[in-house]
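Residues or ranges marked as domain 'ABC transmembrane type-1' in TrEMBL: A:102-318. Per TrEMBL, the feature transmembrane segment maps to A:9-29, A:101-126, A:138-163, A:191-211, A:253-275, A:295-321.
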Amino acid sequence: MIQYTLRRLGWSLLTIWLISIVCFFIIQAPPGDFVSVLMAQAEEDGRRLSAAQIEVLRERYALDQPWYAQYWAWMSGIITQGDFGYSFRWNRPATEVIMEYLPFTLLLAGGSMFLTWIIAFAIGIYTAVKRYSIGDYFFTFLGFIGLSVPNFVLALVFMYIAFAHFGMTVGGLFSPEYVEADWSVARVMDLLQNLAIPALIIATAGTAGLIRITRANLSDELVQPYVVAARARGQKENVLLMRYPVRAAMNPFISTIGYAIPSVISGEVIVSSVLSLPTTGPVLLGALRNQDMYLAGSFLLILGVLTVVGTVISDLILAWADPRVRRQHSGAAQ
Amino acid sequence: MISKLPLIGRKHRSRNTPETDAAVDEASAQRSSVSLTWRRFKRHKLALVSLWIVIGVYLIAIFADLIAPRPAGDYNADYPLLPPQSMTLTDPGDGRGFGLYVHGYTQEIDEVSWNRYYTEDPDELHRIEFFVNSGHDYEFLGLFTTDRKLFAPADPDAPFFLMGSDSNGRDIFSRVIYGTQVSMSIGLIGVVLSLVIGIALGAAAGFFRGVVDTVIQRITELFMSIPSIPLWMALAAAIPREWGPLTIYFAITVLLSLIGWTSLAREVRGRVLTLRSEDYVVAARLDGASRVRVIRRHILPGLTSHIIASVTLAVPAMILAETSLSFLGLGLQPPVVSWGVLLQEAQNIRSVITAPWLLIVPSTAVVIATLALNFLGDGLRDAADPYGGATR
């Protein structure tokens, strides 16, 4: 287990390093370097940057040096000082902007992951046990609809219904009376209420796949001799179901959770942009549109790292739950 | 091991009596694998229906010029944001005879909000004719020039907006028909590109194993672990705006496939790993066949049905990605017409409330196409996989 954990962590560090390179090239992609963009921006606002300021910035981001030096300047700033660069649109360090918006993203992504699991697990078990029933067809169809309707369309439809039928304007994570309020139990409840719908919208995209996997695996387990044996011993159907086949069918379920995280993050970006939630989504979109590249690249990096961390955690849980996985990765199996 | 489930089809098997089963088995021993797959596929009714829908959608894309009553960019400034029109079967009694008609409109403009209010004018009727000369020339499949449309009002200036008009007075129905061309082809071309990458890498990983496999696996995992939409957004934002519409179209397609190949590669690798230990593959290798020949001649044919199924499932994902990117303003740009570009008009809740059809019509097109492709892919996967236990 320790060996597996170490190897998995090593690979994830490599992945993170590669992601950081991808992000760096995205930062570099637009024409003109960061300082010239900053100067143009300052001129637009009627300010002028002094030659000394420019020099300091050029030095800080190693702009006169080759790309690997620039990459190093960016990365070392992040690692040693948590400095992700400067957002010229916000006129603030990118770190500050990210820290302001990231918590709600995590909350929303976590919430929709949770919903995805709960829904997929419950429906997956139901559809496997009641195969080919009306309910099975209904939920399977519903899952496919969720897979086929773009998230942003769902978000818009939801906003439309909320407005046209209930007269509510949706957007933001707090009801008007709580926006400026101090943290309190009531405010937290309000936040959770406002989070529920976006989380559900994001969850629709990921559930179909998980439902299918749970249903398929559980269907395979349900016909196994040990289930028949348990039934013959007179064990109650519900107890039996949860005690053996569901547990056996859990492993592939856990292993796909890791890959559900990127899809949740992707969904979050789009849904939040439509619902204008104060999360990374709209900020990232704005940064990309305005070519505010340090902010955009940093967001991308953080989202990527979070995904990798999530995947590692789910892999480790899987390895802990299923010894075959540990062996397979060390090459002992096959 | 992740097994696939048959969505519907398998239930019908129980209808066979033992005798017919035996007869079927004997017959199936002589059938080719294609016809066997097709037979399994036909049991999946929903997939069969979806197949026809998908064919229909691609036919619409091919014959868009004929079907759309107006050219994609054509606008009628007198009718912005006109709600969907209804056609009536009637005889106005002025000698034009019994047929399909649409009403004309009288309109009032609110002085304060500048909103237009349309009222149907019961006396003004415009006749809809089939294969009518519309006055808008186009090349029919690149063969000859014509201006005949499948159906259009006899009077070219008459308002004819079956599914409403947008804020510039363009016909949403025609634009959705034209959007089919771009949206459906971007999915197809993108998938072909990712197929090439996916098959090459997946087959190499599965066949050579060892270091090659490890490296390719890591690369695949790297791409899978980056949230695709933000990455697509970032890469799409880096496309220079001054590029022409066609170049942007190809750039977006390449971007979609550069990130979309991962699941295909994993699928192919898993299959190759199983296939390479099959007796006939081992025999070919022992016979001294070169590696390239073993892969091309013995392994790839065994993969075909799986590849077709995965490809079908990858197309809707690409369509959704293009739609989302274009909706956010980072993908295709007007004057190119795709479903995502059309949905840009439904960008905020205000426009959705004043003109719900701006959201409903294009998104219905998206949902029909992606749903049909998903069901089709699902059916194909079941058919390609009779035992339901393929390895990934």
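The count begins at 1 with the first shown residue.
Glycine too: its Cβ is placed from the backbone N, Cα and C atoms.
Since this is a predicted model, take the numbers as computed values, not measurements.
In this chain, the transmembrane segment (A:138-163) lies out of contact with the transmembrane segment (A:295-321); the count of Cβ pairs under 8 Å, excluding pairs fewer than 6 apart in sequence, is fewer than 3. With a cut-off of 8 Å between Cβ atoms, the residues of this chain six or more beyond the transmembrane segment (A:191-211) that come close are 107-109, 111-117, 119-121, 123-124, 127, 139-140, 143-144, 146-147, 149, 151, 154-155, 158, 170, 172-175, 178, 253, 256, 260, 263-264, 267-268, 271-272, 275, 277. Residues 67, 70-71, 74-75, 85, 293-294, 296-298, 300-301, 304-305, 308-309, 311-312 of the same chain sit 6 or more residues outside the transmembrane segment (A:9-29) yet have a Cβ under 8 Å from a Cβ within it.
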